Each structure stands twice: as structure tokens, then as C-alpha cells.
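Notes to accompany the following structure.
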């Protein structure tokens, strides 16, 4: 038999999902565990595209605000005019990249969560470039499978928390819960492991330099592409300053290049792409890219972008 209290809770959950996470007396939001945070995320990201946007965002904001009332008012109590104002204030505060929607990191800032789990979303220093990303990838893909499996992800999260907290106080059970939650969030194709493009969302890079305007201006961009631009790109990837882009440096550069044409990609895609690019420009066949070879790639990129735009 369902008790009256359970019935009341089920009714509240049905009418306002956020209400169950508030303290009944103070109406403050309670600290959410990794699983509870995931429940909230999944409930509002109804189409599972990794964002709370449009009508999903409207629904979340109405319920978030009305759940703070002591009386169980319906989310419809928030008028359309109020919603417009509310959304503007809310997005100014939490929409860091100003894309008009909320991603999982932005939601993590808004909801109170267990401190350790919250730390996983707080990369105070995003990676400088994809070269660092590829080094981390190689370090944690210990079996060289081209994927970060659950146990490898758990090791990565453990080290990340150690680094953030400088102490080791996360239980194995909690780590397993965090790993499961992170897989639920970032494993877009649901194969139980992270491919390159999925890990790239978990571990963001400050900027894909190849997305800059100078590479988007086609032929005009190619003529605008200065020696300084090429020097800057070269030094961004030639981290050891030895005059060539090689190994993780090369894979970091190719990852950024691949990201411009493919949203979902894995280690095999990167490997195939590396073969194609090197066949096209690596005239001395040393498996590395020098400044002259990089210049050819960047000019081809600018030209390709213009052809894309003119055929669009």
C-alpha cells in the first residue's frame, strides 16, 4: 500500500520536479548527490541533446522558482512576463558561453552539490590546447584501446579530485557513483566508454585556435593569413619548440582540425585523418609537420571554408 506521505510526494514530483529537492521548512535547495543531480539533468534535458533549452529551459525556470514557495503553487503561477525577466537575469548569471542554453557545467554552478562531485565540473584552468588533451588521453587510455573505459575514467576522476583537493578522501563507492554519472552524461552513444569527442566535452580546451575568423574567410582569409598567424599557430602546437609538430603535438593539431568537420569522432577517425593529411603534405615523410607544411594545411583550410560557404 502507498502511504499518504508517499502519495503526496509523488503528486508534488508530478506537478513540480524541483520541489522534492528543497527543505520542507526553509525551502532551501538541499545538497544533491551525483545521482540526484543526474535525475534533475535527465528530467529537464528531455530530448537528451546535452542542453536545457527552449521549452525545456522555460519549464525548468518555472519549476525552479515556484518550488521555493511554501505552498505547493503550480509552475504556471510564474507569468509569461515574469518568465522573460527571470530568464534574462538567470542567463546573465549562469550562461557562461552566452549561447542561450544551459549545459551541464552551467547547471552544476547553479545547484548545490556534494563538494567533491562539484569539483569535477570546476575546471578552473581549462587546458591550454589540444596537445595537453592528447597527453592526458594517452596517459589514461592505459590499454591503448582508443577509448577511455569505465575503470580508466575512474582513475582519471580520482586523480582530478586529488589534484583539486590535494587530499585523498573520496571513497571507492563514491568514485564508482561519479564514474557512472559522468558516463551517463558524456557517453553520448551509450557504449559504456568515452571516445575522443566525448572525452573532449568532459575535459574542455580553452579555445580551438582553428575556429578563429581568419580561417573562416576563405580565399580572402588566405590572403589575410599573415606570417604572424602562422607563427602563432605553429608555436601553439610545437610545445617543445623543436621546430616540428610531432606525436601528441601533431595529434592535438589534427584533433582541432577534425573537430571543424566532424562532431563525433574517435581514435580511429583521428588515425585515418593523420594518414590522409600526412600523405598530402608530408613531403619528406618524417611523420612530422614543419612550418612550411603547416602553412599549406592552413591555406587549404581557408580555401575549403570559402568553398563551403559559397556552395551553402
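Yeah, the Cβs are placed from backbone N, Cα and C, and that goes for glycine too.
If one looks beyond the domain 'EF-hand' (32-67) by at least 6 residues along the same chain, the residues whose Cβ comes under 8 Å of a Cβ in the stretch are 16-19, 21-22, 73-78, 83, 86-87, 90, 100-104, 107-108, 111-114, 117, 174, 177-178, 180-181, 184-185, 188, 201. As annotated by TrEMBL, domain 'EF-hand' applies to 32-67 (among others).
If you look up TrEMBL, you'll see 81-117 (among others) marked as domain 'EF-hand'. Look at the domain 'EF-hand' (81-117): DSSP puts its residues at 24 helix, 2 strand, 11 coil.
Annotation comment: TrEMBL describes 128-163 (among others) as domain 'EF-hand'. Beyond the ends of the domain 'EF-hand' (128-163), by six or more residues, the same chain brings 116, 119-120, 170, 175-176, 178-180, 182-183, 192-196, 199-200, 203, 205-206, 208-209, 236-237, 239, 248-249, 251-253, 255-256, 266-268 to within a C-beta distance below 8 angstroms of the stretch.
Within the chain carrying the domain 'EF-hand' (174-209), a Cβ under 8 angstroms from the stretch's Cβ atoms is held by residues 33-35, 37-38, 41-42, 50, 104, 116-117, 120, 123, 126-130, 132-133, 136-137, 146-150, 153-154, 157-158, 232-233, 236, 255-256, 259-260, 262-267, 269-270, all 6 or more beyond its ends. TrEMBL lists 174-209 (among others) with the feature domain 'EF-hand'.
Taking DSSP states H, G and I as helix and E and B as strand, the domain 'EF-hand' (225-260) has 24 helix, 1 strand, 11 coil. Annotation comment: TrEMBL describes 225-260 (among others) as domain 'EF-hand'.
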